[in-house]
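Below you'll find the structure, written out as structure tokens, and then a few comments.
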Amino acid sequence: MNALLSNPFKEGLREGDTQIGLWLSSTTSYMAEIAATSGYDWLLIDGEHAPNTVQDLYHQLQAIAPYASQPVIRLIEGSKALIKQVLDIGAQTLLIPMVDTAEQARQVVSATRYPPLGQRGVGASVARAARWGRIDNYMAQANESLCLLVQVESKVALENLDAILEVEGIDGVFIGPADLSASLGYPDNAGHPEVQRIIESCIYRIRAAGKAAGFLAVDPAMAQKCLAWGANFVAVGVDTMLYTEALDSRLAMFKSVQSVSTAKRSY
């Protein structure tokens, strides 16, 4: 099969496009397809906090595939075996959480690339990503089209940010506001002025290094701030949060109950 692999999400980052995304935590292909018809530039399938199996991820990739929205898979960790499985089922963009050092970043890069660039295991004949062995020159194309994003979300990671940004093969850095604020001593308070100052500084440093900067902001005002600071891939909501807010709001129209959605909520 003389097919060329492409990754529109990665191409958009290279061109400096601003890409607006949505977090998918519901673990179902049905909900993933509904989200894919909404027109978001990218959809994050969460394999870290949501109870997704590899097969769940596979079905959601299938559901999103016919649409323009681009899937990004966040793994529970950057293990070589798990990365291999998820790339084989067709993921082209990965988000790896809790990357604290440049050495961790290099290990993740190696796990995502075929030799001689890395240590990804070869099994194209059983991989959806290679159309079960039918894509010519698949290994070289896979190395080129892969987009690798890492999460900086701890005090240690902040100290090592410049070194992480120097690692070849990292396309972007995503700031994890919930874990970062907790690590800095402000749990559940990403809006604290000191946390905000650090987030703005991180976005500037990431973009200055020629990498893409990402963020999840469930508050629209915070999302606008991050975009103004230079973040170029920003998730502006979480499906489960949007669902619960809608359910609570609708119930409050008919029953005298206090909607939990009126309280301050964070991811």
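Glycine residues also receive a Cβ, built from the backbone N, Cα and C atoms like all the rest.
Summary of the site annotation: Swiss-Prot records substrate binding at ALA178, ASP179. Screening the candidates GLN141, GLN151 against this entry identifies GLN151 as the one listed for that site. Apart from the site residues GLN151, ALA178, ASP179, the chain places the Cβ of PRO97, MET98, GLU153, SER154, ILE175, GLY176, PRO177, LEU180, ALA182 no farther than 8 Å from the centroid of the site's Cβ atoms, the recorded substrate location. Ranking the binding-site residues GLU153, ASP179 by how many Cβ atoms sit within 10 Å of each one's Cβ puts GLU153 at the top. Of all Cα pairs drawn from GLN151, ALA178, ASP179, which the record names as binding substrate, the longest spans 12 Å.
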